Amino acid sequence: MLIQNVARSLNTHSAFGPVTNPYGQGPPRSAGGSSGGSAAAVAANLCFAALGTDTGGSIRLPAAYCGVVGFKPSYGMISRWGVVSYADSLDCVGVLASNVEDAELVYDVLSQYDPRDPTSVPDDLRQAAKQKATARIKQLSESGDLNGEYFPQELERSSLVPFRKLLESLRSRGARLVSVSLPNTSYALSAYYVLASAEASSNLARYDGVRFGLRMDVPPETDLSDAANAYTATRTAGFGKEVKKRILLGTYALSADAFENYFLQAHRVRALVRTDFDRVFGKSVLDQGSNDENDDEGRVDVLIHPSAIRTAPLLESKDEDGIDAYVQDVLTVPASLAGLPALSVPCGHGPDGWPVGASVVGQWGSDELVCKVGRLVQGCVERG
């Protein structure tokens with residue numbers, strides 16, 4: 001399994017080289033990132049299922065590129081004990097598999113309270129979320145919903161053909177599709193990179209060559225009375241270019257000069273994104289007094305949108321180090337900021353013959369509902 005440096009979208013900066021997408025022939029394409037190694041292993045039939053971490057789309061994007069299923073559960077549902085922290089408030093452990101049923105099977109085993117993880121959801125809250133989601137599952141045959149705003153200008157229109165075909169198939173099978181608005185979605189990507197980088201700069205500070213990880217030998221003439229010299233040598237050698245870039249960005253965002261304008265503003269945007277989802281879904285069980293079934297009247301059950309703005313890019317793409325590499329996450333980041341369950345399911349192929357994925361997103365705690373709709377999507381695609 002290849003190790004990708006800190007949640008990179010295209011997986012071109014792995015520790016042992018880029019991950020090649022095993023799906024098709026021709027010039028090598030990206031498997032996505034940062035869990036591209038897991039997605040590639042599943043796509044190549046090397047394993048039944050694989051685990052990955054998803055901070056802003058690192059499971060769903062590789063799943064879409066490689067033509068497999070990728071499931072990011074609600075924040076806190078799977079323990080992060082033993083996972084190297086990148087962005088604590090965003091990191092989730094998830095599953096990649098060849099179909100929704102296999103992904104569910106692995107998720108059911110892993111979805112347990114773990115007292116070693118302070119973010120792990122306790123059993124009583126899990127049960128409350130399950131009961132609320134079960135009530136919506138009973139009505140699902142009449143209602144499935146479409147988010148009509150996840151179509152940014154970066155989205156390749158040709159990739160929408162299989163997605164629109166899926167929507168028509170769902171409609172013909174009794175799903176009710178409506179368009180909803182999440183106006184703060186357009187700010188989510190910028191807020192995500194500020195918050196994730198800020199948390200990463202703090203979490204990765206522990207890798208100083210003294211307590212954790214690599215320790216470089218410094219030249220004999222180095223003045224070791226200045227500990228910073230030893231730290232610098234280790235961190236310069238141990239962190240790749242992309243990691244350093246994000247640490248610098250995060251450190252700046254947390255500085256006195258930028259804290260108010262960047263870090264706090266990003267938190268405000270995150271709250272607005274969360275509010276948008278609550279308005280569309282109804283309140284989750286995390287909110288006090290939200291167990292009233294009337295809260296869900298007129299709300300949607302799930303959102304369905306394209307998983308990626310394009311099919312898998314070429315590994316040698318000139319855009320891999322530019323701003324386009326960050327834009328790959330534009331469709332997956334909003335659910336991550338809100339801590340919501342999201343499932344990417346293959347829904348067809350683009351004009352280049354490479355896979356296109358559709359994402360199903362639900363309210364926090366509605367993981368079973370999201371998987372149920374995922375099975376419905378999978379069935380529609382299989383039946384054409």
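Cβ coordinates are placed from backbone N, Cα and C, and glycine is handled just like the others.
Automatic, uncurated: that is what TrEMBL annotation is.
Per TrEMBL, these features apply:
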- 12-371: domain 'Amidase' (DOMAIN)
- Ser34: active site, charge relay system (ACT_SITE)
- Ser58: active site, acyl-ester intermediate (ACT_SITE)
Active-site residues compared (Ser34, Ser58) - the one with the fewest other Cβ atoms within 10 Å: Ser34
Mean of the pLDDT scores, which run from 0 to 100, over the domain 'Amidase' (12-371): 88
Cα distance (Å, whole number) from Ser34 (active site, charge relay system) to Ser58 (active site, acyl-ester intermediate): 5
DSSP-derived structure type at the residue listed as 'active site, charge relay system', helix or strand or else coil: coil
